[in-house]
Amino acid sequence: MIDPFFPPIPALKAWVEPFCEFLHLRTLPLHIHEVFGAYLLYHTIFEYFSPTISGIVSSRYTKLSSEGKIRWNMHCVSFVQSVFISYLAIRTMLVDKERHEMTSQERIWGYTGAAGLVQATACGYFLFDLVSMMRFLKIFGLPMLAHAVSCLATYTIGFRPICNFYGSTFLIYELSTPFLNFHWFFDKLGMTGSKAQLYNGLALIGTFFCARLVWGTYATITIYKDVWETWQFRDVPLPSNTGEILRHNPERSFPLWLAFTYLAGHITLNALNVYWFNKMIEAVRKRFVKPPGKEI
């Protein structure tokens, strides 16, 4: 499926091509305008839309400290991003017919324009996140900076292209993020312990379990299987009629370090998902389950 968005300005595409060629990011020039566009969108929400709208909607926002407003605005951006990228990822997985017919080699080395759009939009957000973590390092700390770096690097490397297919697959994780942001907003709006926060907490736990633990484990096993099959046949010549899906990666460049990086990254993320899931349950219990001996 082709990219449904308009193509990049020729001058912009030509400007980034030498840099992308040097880093073997062959499909990035096709989506560079989408990366910058997504970055600009999220930056605008953070700097202008969120402060203006939040100040009108809630008087509590105006009473927050400077740090509190920064955190609030970041949660607003995170909410918009998670809804938007989830829609794009699900839409691509449903309507991109080429995805449904891909072999293991095409899922690892292949490329479609629609999946590239999803990947570029995610990169734009992670670029915004990285810039924000650097600007407000004292607020968010080194762990969040490291998280932003790793996310941006992972999705940027995908423009080799490699694992373009799985970009949309793993972005299904974001289905739980809107509820996580709502949980934070309920605390700031004085609704801690309310029924709304309880229902949202249950939705958060449910979507996190389904999207990250169940779906995430299934997707991780699938990518491990594809990587293993692809690695075994890396030296087997491709047929001459490989078609459009593999045309951007004819030599099937798959360094061993890259395979280990992807696999190690997903193992780490799955472990973190289990850790975060337990923390979420603890947070919900702390707000709604009273200690023994205390009146409710």
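Note that Cβ sites are derived from N, Cα and C of the backbone, with glycine treated the same way.
Those TrEMBL annotations? Automatic predictions, nothing curated.
As the structure is a computational prediction, the values presented were derived from the model and not from experiment.
Going by TrEMBL, these are the annotated features:
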{"type": "DOMAIN", "residues": "67-289", "note": "domain 'TLC'"}
{"type": "TRANSMEM", "residues": "70-88", "note": "transmembrane segment"}
{"type": "TRANSMEM", "residues": "108-128", "note": "transmembrane segment"}
{"type": "TRANSMEM", "residues": "140-159", "note": "transmembrane segment"}
{"type": "TRANSMEM", "residues": "165-186", "note": "transmembrane segment"}
{"type": "TRANSMEM", "residues": "198-221", "note": "transmembrane segment"}
{"type": "TRANSMEM", "residues": "256-277", "note": "transmembrane segment"}
| note | Same-chain residues at least 6 beyond the ends of the transmembrane segment (256-277) with CB under 8 Å of its CB atoms are 150, 154, 157, 162-163, 173, 205, 208-209, 212-213, 216-217, 220, 223-224, 227, 231
| note | Given the transmembrane segment (70-88), its same-chain partners at Cβ distance under 8 Å and 6+ residues beyond its ends are 42, 45-47, 49-51, 54, 61, 64, 117-118, 121-122, 125, 128, 132, 136, 139, 168, 171-172, 174-175, 177-178, 181-182, 184-185, 188
